[in-house]
Structures are given as structure tokens and as C-alpha cells.
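A.B. asks: Here it is, the structure in full.
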């Protein structure tokens, strides 16, 4: 029997749910992918992908000329294939496209997993909407880093595993497919998703559900384990055979990093609920146990949902190394719990027996959503005039779109149509990434530029540098290595003298001016080429570029734009 939801069964239809989810993820994850400058994690991935194509080093990849074993290579392989498919390894949109695909798959994996965990047909749709519009999830899904790969593969493996356990028969195909995705997760970021997503899920599932069905599928679970080991350990085993010393060193360094690097206090993640963005009030309400437990239990297993969240939080908190993006696996059970609470609100507002507290949450959130919608045209008009001195032609359409959306949100809020309001809020969030984010990124890029100082990537256009090896005093950040377009080795200044490269001439980058007296060999000479930007958000630093050469070229005409430094 179809459950009546706000006077219509529209949102209970699977094809409608999937169509809306597809529309939301396209708007959120696939537009304007090439605008943002690469983060440090992306730069490492992109550099490795570029060197795979340059050196054909797929199995033992390198980053800036050094063997890169710290991260398994599956995400980088996929990134490389995307760049090759686009015909341009410098195309940021193409390099980020696979991550957007993985983020989208995560949304649909959660949708199908929720259908197995809840008999209600609205909860899975709401859970996928909440995840697709959570702040941290969007930020991670739009970047080409390893995190979205390992957790997406893991969530897909969990979905297939639960499906195999619940189905009658042996379900060996599902168990094997789950093992493949588990192996892919390991090839994406090692044991991270096993610890942060699979382990808390299994513990919570065992705590909240009977395990008779699991015990009956022992042979299938063994198959999953075998396939996982065969897939996941294929590359580490190859590296062990080919680079045993490098692998041992990498494992040692990464193990130490978990306890010595980015160390934060145990309470660092206590504000985790804010990472859900616009859904924060509903997350908090759903986690107030005395209030939410009986209400959420009408549509799902509250003990399981809350345990999954708390166990994930506990496991992440006990590790000394902490970063905000490590909270990504926590967003999955958080979205699921929030969806159950939203389903409860949908029911009580439909039947007119809500409390004042529930009305306050819904109305406050709805008015906030409407305020955001009305503020977007003001922001876009202001940014358009600031950046271009005039309003763009699309501003009229953008204004009408967001005014209509804001009015619709107000109407839905006042009439207490919860599901429609959730859909409208998710749409508002997605449209913000379509129309607001480009202005923000453009302004951020312009504010970081220094007038008269060219960007570092301009060195790619200097013909005289193309045949030279690049060096940087005390090394160069991955973002800058990506910008210059080739490997950059490190030089040191020891006892006041510059370490000389083996082969000359060579291009030398330094964050401070280099006098001629820094050269230990009177037979060499520094030619000043120019100054270049260091980082967009750092204005008090810049790179000084020199060509270090033998004095023999002094008899020849210097390259245009270069200046020989004085000796004192």
C-alpha cells in the first residue's frame, strides 16, 4: 500500500527519486570543475599523473621525480586516464571529473543501502539528498583527492555485502563484487576506509541487528575476504617485490605520521555536526537521544544509526592525527540518521500533531533557506559590478530564479511541507555552486594576484628554459611544482655557498634574492630572469628565478630579458 506523503505519492516513486538525485549531483559536482586552483593534495595527485604519462611509470609512480609509494595508485591511475581521455593532462576539469563521478556514486550507494536498512521508501531518498548537499562532502567530492575514492568504494562494498546477506541463496556474485570494491578501497588509500567506515558499520550492525543471517553466509563472507585480498594486495605485493626497501620505508613513515603529524586534541572533532552544512539543526535534534530515539525508531533502527555515528567519531578521535576532511565517513551515517528524523517531521506535520520545538526547527530553517535565496541575487550583482564594472546579462535570469525559489521555500515553510522543503533546500544548495561559487573563486584568484608580478606558470612560456633542469632552494611546494610544469629538484645553501647542480645551465628558483657571491665556483655565473608569484594567498613572498651557467657563455649575447648579477 502506498504511503501518502503531503497529499502526493510523487516522491515515493523510484524513478522520480533517482531523477532528482541525478539532477542535484550534476549541478553540485560537475560544473565549474576547472576554476579552483589545485590544493596541495590535488597537486600531488596531478603531478604523479603527469609523470606517469611522461615516464610510463604506472606501477611504480613518481612525484616530482621521486618514487611515490605513500598512497596507493588507483585514484591516480583513474585521474591519469581521465587526462589522457581529454587529450590534455593540464585540464583541471578533466582531472577532477573522476572524483565527481565517485561522489555521485557515493550518493547512490547510500540510497540503495538505505533501502535495505529501512522499510520506508522516503528515507533513502532523503538520506541521499542530505549527503549530496552536505558541505564537507561537496568540498571533498569536487577535489581530486584520495578520500572520496576509498570511502565511495567502501560504501558500495557495504551495500553489496548487506544485499548479499539479506538475499536468500548463496549470492556469491554479490559477495565477490563486494570483495572487488573492498580491494579497490584498499588500492585507493590503504586501510583508512576499513578503519573509519567498515569497522564502525560492522560493530553497529552487530550491536543493533540479529546476526543469524550473517552466520548463514560464512562461505560468501570468506569469498569476499579472498577477493578483497587478491585485489587489494596486488599492487603492494608487486611493490614489495620490486621496491622492498622503498615500501618498508614508506610504511614506517606513514605509521609514524598517524601519531606525530597534524596532532590534535581528542575533542577536535566535537563540532562534527557542522560539516553537514544546512542540515546542522536537524542533525543536532536527531542526536538528542531522549527526544529522538522513539521518534526515529518508527522508520528505522535508532540504536544502529546512533551507534554507527558514535563509533565512527570515537575511532577518528582516538587517532592523534586529525584533519577536517577525515570526517568524511562520518557524514554517511549522519545523513542516514538525519533522513530518518526528517521523515518523522514529514509525518507529524502532515498529520498536524507536531510540537512547538519541532515547528521552531522547521520554520527557523525554512526562513534561513529563504533568506539565503533572496541574498544570492544581491551577492551576484555586487560581484559582477566589482569584477566587470557592469551587471551581466544572466543576472536578470539569476535574480528571477532565486526570487522564485525563495518564495517557494517560504510557502513550503508556512504550509509545513517537509519533503518539498528538503528538496527545495537541496536545490538551493546546488544552484549556489552553479551561480555563486564562480564569482567567489574568481574574486579569490584576483585578490591573491600582485600587480606587475606574473604567475609562476608563466615560466612554461619561456623558450630558453624548456631544455633546462629546474631547481629550487630548499625545495618547492607541490602546488608550485604543478604550476611550473616539470620536475623541480632541491638545492641547499650550506655555509653561505650554493650547492651546484651536476649539469649546467640550470634554472634556479629562490624565495629570496641570490647574490653572485653565493656561488662557490668562480667559473659560474647567475643571470636574473624575473620574479614570479609564490602563492595566490601569500603576498609577501615571491620566487626569484635565475639561470645558473658557466662563464663561457658570457662572451655570447645573454638571453633576452636576463640580467647578469654583479659580483659584489
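Note: Cβ is positioned from N, Cα and C throughout, glycine not excepted.
Okay, so TrEMBL annotates it like this:
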| type | residues | note |
| --- | --- | --- |
| DOMAIN | 71-233 | domain 'Glycosyltransferase RgtA/B/C/D-like' |
| TRANSMEM | 97-117 | transmembrane segment |
| TRANSMEM | 122-140 | transmembrane segment |
| TRANSMEM | 146-165 | transmembrane segment |
| TRANSMEM | 194-214 | transmembrane segment |
| TRANSMEM | 221-241 | transmembrane segment |
| TRANSMEM | 267-289 | transmembrane segment |
| TRANSMEM | 301-320 | transmembrane segment |
| TRANSMEM | 326-345 | transmembrane segment |
| TRANSMEM | 366-387 | transmembrane segment |
| TRANSMEM | 393-413 | transmembrane segment |
| TRANSMEM | 420-441 | transmembrane segment |
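Could you place these features in context, so I can see how deep they sit and what lies close by?
C.D. replies: Counting residues 6+ beyond its ends, the transmembrane segment (194-214) has Cβ neighbours under 8 Å at 151, 154-155, 157-158, 165-166, 182, 185-186, 221, 301, 303-305, 307-308, 311-312, 314-316, 326, 329, 332-333 in the same chain.
Among residues of the same chain six or more beyond the transmembrane segment (267-289), those with a C-beta under 8 A of the stretch's C-beta atoms are 130, 133-136, 138, 296, 306, 309, 313, 316-317, 322, 324, 327, 330-331, 334-335, 337-338, 340-342, 345, 361, 364-365, 369, 425, 429.
Long-range Cβ contacts of the transmembrane segment (301-320) within its own chain (Cβ-Cβ under 8 Å, at least 6 residues beyond either end) map to 117, 195-197, 199-201, 203-205, 207-209, 258-260, 263-264, 266-269, 272, 287, 289, 292-293, 326-327, 329-330, 333-334, 336-337, 340.
Beyond the ends of the transmembrane segment (366-387), by six or more residues, the same chain brings 278, 395, 398-399, 402-403, 405-407, 409-410, 412-414, 421, 424-425, 428, 431-432, 435-436, 439-440, 442-443, 446 to within a C-beta distance below 8 angstroms of the stretch.
Here the transmembrane segment (393-413) has long-range neighbours at 362-363, 366-367, 369-371, 373-374, 376-377, 380-381, 384, 420-421, 424-425, 427-428, 431, 435, meaning same-chain residues at least 6 beyond its ends whose C-beta is under 8 angstroms from one of its own.
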A.B. asks: Count the CB pairs under 8 A between the transmembrane segment (420-441) and each of 97-117, 122-140, 146-165, 221-241, 326-345, then give me the winner.
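C.D. replies: Looking at each of 97-117, 122-140, 146-165, 221-241, 326-345 in turn, the most contacts to the transmembrane segment (420-441) are made by 122-140.
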A.B. asks: Of the listed stretches 97-117, 122-140, 146-165, 221-241, which one has the most C-beta pairs under 8 A with the transmembrane segment (326-345)?
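C.D. replies: Most Cβ pairs under 8 Å with the transmembrane segment (326-345) come from 122-140.
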A.B. asks: Cβ under 8 Å to the transmembrane segment (146-165), counting only same-chain residues 6 or more beyond its ends: which ones?
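C.D. replies: Non-local partners: 41, 45, 71-72, 74-75, 78, 99, 102-103, 105-106, 109-110, 112-113, 116-117, 140, 171, 174-175, 177-179, 181-182, 184-186, 188-190, 192-194, 196-198, 201, 213-214, 217, 220, 224, 325-326, 328-329, 332.
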